Amino acid sequence: MAILVRPRLLAALAPTFLGCLLLQVIAGAGIPEKAFNLTWISTDFKTILEWQPKPTNYTYTVQISDRSRNWKNKCFSTTDTECDLTDEIVKDVTWAYEAKVLSVPRRNSVHGDGDQLVIHGEEPPFTNAPKFLPYRDTNLGQPVIQQFEQDGRKLNVVVKDSLTLVRKNGTFLTLRQVFGKDLGYIITYRKGSSTGKKTNITNTNEFSIDVEEGVSYCFFVQAMIFSRKTNQNSPGSSTVCTEQWKSFLGETLIIVGAVVLLATIFIILLSISLCKRRKNRAGQKGKNTPSRLA
């Protein structure tokens, strides 16, 4: 039995059908699609540019501009949807970098036998990334508490100065060396038995906080950049408590003491065993040596 289709329905479905058909033809012909959703992912200056979609019948090449506004090719003819640009942006973290992702026809495509950055005298389709200023835009990594001590009415905390991928004279610089006094730390602390929190800010890597004597405190720290209006703070460090630290130190000292004691006993027993062997050998040699006649 034949199914009747209304002319109006056919007219409505025609554009959709033709659009799908056109997309299939384009994909089959290897005509590249422009990248979209270009996003900078950066922490402590480790910087990757990500985008979509996954390519079919074409590749991507990333270009980034330097201070001379020259375009440099990176991740040439890649099928990945990300490109590590760390080695370029750490050259000057105060420069606003421009980047773009080019969609380049693959080999044996309709445009020729090889991946080309120029097609019929024109640049292939590309998408510009947002400008990226590393000093302002890189995220701060999670800080690490290097050491702390509760001494009477003072809680002293030292934050580890993290290394970055920024180099000077072949040496990696710390966050402090990059940001100077613009880098600060926030400590959030509370009594171990309380939920009420207090904060303190320093532009160094050390805190000295007034606390109650004999009371346990829990705290965590965050890095911050004073000059930033957005993206100012890092994630918080792991939370630690002074009583936990004392317990940890006690357990550590017990373990270390036990290891030292066992090592000492082993050395003593080994020494006794070696001495006995030497005496036995000396006695054996004495028996085997013939007596001289007077």
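Quick reminder: no glycine exception, Cβ is built from N, Cα and C everywhere.
As annotated by Swiss-Prot, disulfide bond applies to C75-C83, C218-C241. As annotated by Swiss-Prot, N-linked glycosylation site applies to N37, N57, N169, N200. Positions annotated as S-palmitoyl cysteine by Swiss-Prot, on the basis of similarity to another entry: C275. Taken from Swiss-Prot, the feature signal peptide covers 1-28. Residues or ranges marked as topological domain 'Extracellular' by Swiss-Prot on the basis of sequence analysis: 29-251. The feature topological domain 'Cytoplasmic' is assigned by Swiss-Prot to 275-294. If you look up Swiss-Prot, you'll see 252-274 marked as transmembrane segment, on the strength of sequence analysis.
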Which of N37, N200 has the fewest nearby Cβ atoms, counting only those within 10 Å, among these glycosylation sites?
N37
List only the single closest residue to C83 (disulfide bond), chosen from the recorded positions N37, N57, N169, C218 by CA-CA distance.
N37
Hey, which of the recorded positions C75, C83, C218, C241, C275 is the loneliest by Cβ count within 10 Å?
C275
Separation of alpha carbons, N57 (N-linked glycosylation site) and C75 (disulfide bond) (Å):
17
For the glycosylation sites listed here, N57, N169, which shows the highest count of neighbouring CB atoms within 10 A?
N57
What Cα-Cα separation, expressed in whole Å, is found between C241 (disulfide bond) and the residue listed as 'S-palmitoyl cysteine'?
51
